[in-house]
Amino acid sequence: CQAIHARSLYPCQDTPGVKSTFTAKVKCPKPLTVLMSGLQTNYDENTNTFYFEQQQAIPSYLIAIAVGKLASYDLSPRIRVWTESSMIRQCQYEFEHAEQFLTAAEQLLGEYQWKRYDFLVLPPSFPYGGMENPCMNFLTPTLLAGDRSLISTIVHEMTHSWTGNLVTNENWEHFWLNEGFTSFIEAKILGNLDKANGKEVRRFHAAQQWQDLQTAVATWGATHPYTCLVYRLNNTDPDDAYSSVQYYKGAAFLWYLEQDVIGSESDFDEFLRSYIIKFGRKILNTDDFIQYFQSYFPQAPSVDWQSWLYTPGMPPITHDFSTKLEEQCNQLATQLSPITKEQMNMLNAKQVAYLLNVLLNHKSTINRDYIEQLDTNCDMSKYSNCEICFRWYQLCIRVKFEKYLDNIFEFLKVIGRMKFVKPLYAEFKSSWPELIPRVQTFFDEHKKYMNPITVKQIEIRLNSQN
């Protein structure tokens, strides 16, 4: 239902500034199962009726319901994964360590308040990476990489159990209070989970976020008001203003406050716990956050709130997130000789995705010959990880590498995650305009299978004059 779609489901004050509890009674045909963003309290087998209750007040955008022929597997006493039976074994493997993730989140943020953390892996048309519905998160099947390399998304959605679901932005103009905090803490948790190289892992994840922020700002344009951390919607649909800016500019801002202003990770961790206690089960805006930060750290150096929060473009301060993991990617991207198979095989999946992002940002130096040679050396078709595939496909579109066109259209036919499909359609529009009639025909044929939110966003990109 995020951001303002709950009104299509039931009569409500469809704003994050209003929270309520709910009970529900849902009847459906056998053998279908009903899931909701609350705890199941009863079940009538004779009528296949499911009863739910959410005892904690939540905003309307966290109301969720799913009905389907589903299988489940208990990952721990308080975590169950649901999905179609054909995917349950994959989910069992991919998310085996979910309890460890939740325990790590509790160690940082305090006790988990929602009793159960279950989640549903949806069909591939689902438009988001995840949705943090309490007690029943929704996840995209594009996380099923087969190597557990994409667990950061489930860590992100778990973290929303505190920042977003307990502590909630007052309205969508302060969206960074949900997503910036969650993205910042996500990187912390991923670092804490790696006992051997935690600092390196956290910094590399932050570097990936910074890289994605650069892409988002470049897409909007550095002076666009939606690249402000706090923006004005002025009766605009929040979906039209949505991007990763509020996620990763917010995370960068909190990194700055922790590392540069306070200078102590442990002190800032204490602040995070205090902040969650202070604003838990409440709503807040950016002024509330500023006032609480200043009262908690009265001796802290001054902060240029205006530049960070209300000025468009990249943040006023560029952080150094350099790690060995990042340096390895940058060296490969800038070396004079072609990248070899042996060099590529030395990278983990996150590094391959990061490397492809670096290449995407080298617009003036990456040409078709380079991409063809990279494919010849490294056989890019072997990758099934969607984070890698979509970046590779974007590069192929940019240099008009026809070999992968069928793969790209098959990807767009199956996958509905907006993080992937929006950039691909936009890349066709900007880099391969002579193919737009074919792309438009393809889209018109397949949009009936897509989520309406995805359809609207693709139409905006195909109809753009830029």
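Backbone N, Cα and C define each Cβ position, glycine as well.
Please treat TrEMBL annotations as automatic predictions, because they have not gone through curation.
Long-range Cβ proximity for His160 (Zn(2+) binding site), meaning a same-chain Cβ under 8 A and a gap of 6 or more residues, is found for Glu132, Asn178, Thr182. Look at TrEMBL and you will find His156, His160, Glu179 tagged as Zn(2+) binding site.
A helical conformation is recorded for Glu157 (active site, proton acceptor) in the three-state DSSP classification. Glu157 (active site, proton acceptor) counts 25 other C-beta atoms within 10 Å of its own C-beta, drawing on all protein chains shown. The active site, proton acceptor annotation in TrEMBL covers Glu157.
DSSP gives Tyr247 (active site, proton donor) a helix state. Residues annotated as active site, proton donor in TrEMBL: Tyr247.
Counting residues per DSSP class in helix, strand and coil order gives 112 helix, 0 strand, 27 coil for the domain 'Peptidase M1 leukotriene A4 hydrolase/aminopeptidase C-terminal' (324-462). Marked as domain 'Peptidase M1 leukotriene A4 hydrolase/aminopeptidase C-terminal' by TrEMBL: 324-462.
Look at Glu179 (Zn(2+) binding site): DSSP puts it in a helix.
There are 23 other Cβ atoms within 10 Å of the Cβ belonging to His156 (Zn(2+) binding site). A gap of 11 Å separates the Cα atoms of His156 (Zn(2+) binding site) and Tyr247 (active site, proton donor).
Glu179 (Zn(2+) binding site): 23 other CB atoms within 10 A of its CB, across all protein chains.
For Glu179 (Zn(2+) binding site) paired with Tyr247 (active site, proton donor), the C-alpha to C-alpha distance reads 5 Å. Other than the site residues His156, His160, Glu179, same-chain residues with C-beta atoms no more than 8 angstroms from the centre of those residues' C-beta atoms, the Zn(2+) site, are Gly130, Glu132, Glu157, Thr159, Thr163, Gly164, Asn178, Phe181, Thr182, Ser183, Glu186, Tyr247. Summed and averaged per residue, pLDDT over the domain 'Peptidase M1 leukotriene A4 hydrolase/aminopeptidase C-terminal' (324-462) gives 96.
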